[in-house]
Amino acid sequence: MMNNKIYINLFLFLVLISSVQSRFITVHSSDHTDLISDGITDNVEKSTTPSIQLLNRQSYLSEGICEETYGFLPCTTTVFGNLFLIIIYGALMFFAARFLSTGSELLLEILGPGIVGGLFLPMLGALPDALLILVSGISGTKEVAQEQVLVGMGLLAGSTVMLLTLLWGSCVVLGKCDIEDSTAVDLKDTKRLSLTGSGVTVDIWTKYASWIMIISVVPFIIVQLPQILHINSGRHLVVLISLIVSVTLLISYCLYQVFQPWIQRRKLAYAKHKHVMSGILRHLDLENKLMTDDYSPNLDVIKKLFRSLDLNDDETLSVQELRALVIGIRFEEIEFDKEDAVIKVLSDFDTSRDGCVGEEEFIKGISKWLDEAKPHKMIHKFYQHTKKEHDQWLDKSDEVAEGVENPNWISVKAGLLLLLGATIAAAFADPLVDTVNNFSTATSIPPFFISFIALPLATNSSEAVSALIFASRKKKRTASLTFSEIYGAVTMNNILCLSVFLALVYVRGLSWDFSAEVLVILIVCVVMGLFTSFHTTFPLWTCSVAYVLYPFSLVLVYLLDYVFGWS
């Protein structure tokens, strides 16, 4: 039902902007490219009867009259007319982003994360932004492109800032739960608006996503080096170098996304083994202290434990004896393959590879485990630490993929949605950029600020709505997914969209004069990245930091460009 409404609304939008009434006017002129006046506004001869006048096209355009995109899409020079068109074209870009997002999700259900999740999803999510940036400077003369490319830079900066400030802060507010023992408790929200007692907790992968986001700003720093060092020569070469670095980061990020499920499974397996190790140590430490007062291995106790585990007194621990040890240990809320745990314990201890564990091997193995527990002083604390670490790694890697009914139909539907979304985005990116420039001319507002505020609302609305819905479910897993998507979207902005922008600047021979805009992106990415990369729990007060950064960014660009003359 929802999809039907979207299709109907889209059809009505297309009808509204393409339906035009006209009449034929026969004139005897050899120049058929001339334009026709209504004879009233531009009446040369003051007569009571209006007469048709021919206007020269060049003088017509020089007076600020708009030019129709593609020769038929409407345009206007009035403030409210351009505002209306921005809303219409913005809505179409929103539908394009929505179709691309829905199609990608359907494709992901069938093909799984791997190539689809690693390559197609991130790129398709950034496609509307990339197209708008591309059309902002691909047409017209070099001078026109240099002016219009401000729209692309405004969108690039605006998308990054909006995602990391307004959306990030709103997700914290909607997803907050009570914080107990430095962790937000799922579905428990009794402390209401407590700035320190409520918040959200994410998994370790989300923290890694914020680190990657910080790395993605490297091309911005490189392209700014000539301005920072006050070097006038070689700026075009620096743009090329920055473009190469940006594309390299894009490829690396996509490969990381492709192999992330495999990496995640390996990390989870290691965390589970580490938790089994700490559980065995805790179990053995209950009756006899395995560590002395100076936290070194207690060899006498370890030897005594070996003899108690050696049930047949053959001075070795067999697989069966190790299995009896592992099965007899209770691991809190952790499910694992006990046979696999026995094999890994044997692998840790059996250095001679003879299939059993001797006394010396047992002492060395336990001592090695105790060395890992030593920084925590107490084995019980080490056990709690490994349990928490296991929970952090436990995200999507333990989810069982559900079967998809009618995969052929879903594949066709996904393909059609992706095609429709890409077509709409490609068709209406240019008219939207033209309208923003016309609105800028009509209001005397720099196009950067219009695109900074308005365009991200159109191209990122689908991601924003999805993130807010997930955050409102008030669970650690959905919060992790929400913030990971935010960091991922910013990363794609910083590498894919920047790659398109740098390629445009390099190919068209444009000058790189966006110091204030780049500074804003760097400040917001670095502050929010560092702010979130060392913790997995964000109290409610952290949303205020995010919210403040949005107006700060606008004010900073205005001061640097229009007060201090950086532009």
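Glycine is no exception: its Cβ is also placed from the backbone N, Cα and C atoms.
What TrEMBL annotates here:
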SIGNAL    1-22  signal peptide
TRANSMEM  79-100  transmembrane segment
TRANSMEM  112-138  transmembrane segment
TRANSMEM  150-174  transmembrane segment
TRANSMEM  208-225  transmembrane segment
TRANSMEM  237-259  transmembrane segment
DOMAIN    297-332  domain 'EF-hand'
DOMAIN    337-372  domain 'EF-hand'
TRANSMEM  410-429  transmembrane segment
TRANSMEM  449-471  transmembrane segment
TRANSMEM  483-506  transmembrane segment
TRANSMEM  512-531  transmembrane segment
TRANSMEM  538-560  transmembrane segment
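With a cut-off of 8 Å on Cβ pairs spaced 6 or more residues apart, the transmembrane segment (538-560) and the transmembrane segment (208-225) reach fewer than 3 such pairs and are scored as not touching. Counting Cβ pairs closer than 8 Å to the transmembrane segment (237-259), the top stretch among 79-100, 150-174, 410-429, 449-471, 483-506 is 483-506. Counting residues 6+ beyond its ends, the domain 'EF-hand' (337-372) has Cβ neighbours under 8 Å at 273-274, 276-278, 280-281, 284, 290-291, 297, 299, 302-303, 305-306, 315-319, 322-323, 326-327, 382 in the same chain. Take the transmembrane segment (512-531) and the stretches 208-225, 410-429, 449-471: counting Cβ pairs under 8 Å, 208-225 has the most. Remote same-chain residues near the transmembrane segment (208-225) are listed as 231, 238-239, 241-243, 245-246, 249, 253, 256, 483-484, 487-488, 490-491, 494-495, 498, 502, 512, 515, 518, 521-522, 525-526, 528-530, 532-533 (criterion: CB distance under 8 Å, separation of at least six residues from the stretch ends). Comparing 79-100, 150-174, 410-429, 449-471 for CB pairs under 8 angstroms to the transmembrane segment (483-506), the maximum falls on 150-174. Sorting each residue of the domain 'EF-hand' (297-332) by its DSSP state yields 20 helix, 3 strand, 13 coil. Within its own chain, the transmembrane segment (410-429) has Cβ neighbours under 8 Å at 10, 89, 92-93, 95-104, 106-107, 109-110, 124, 127-128, 131-132, 134-135, 404, counting only residues six or more beyond its boundaries.
Within the domain 'EF-hand' (337-372), the DSSP-based counts of helix, strand and coil residues read 26 helix, 2 strand, 8 coil. Per-residue confidence over the domain 'EF-hand' (297-332) averages 80 (mean pLDDT, predicted model).
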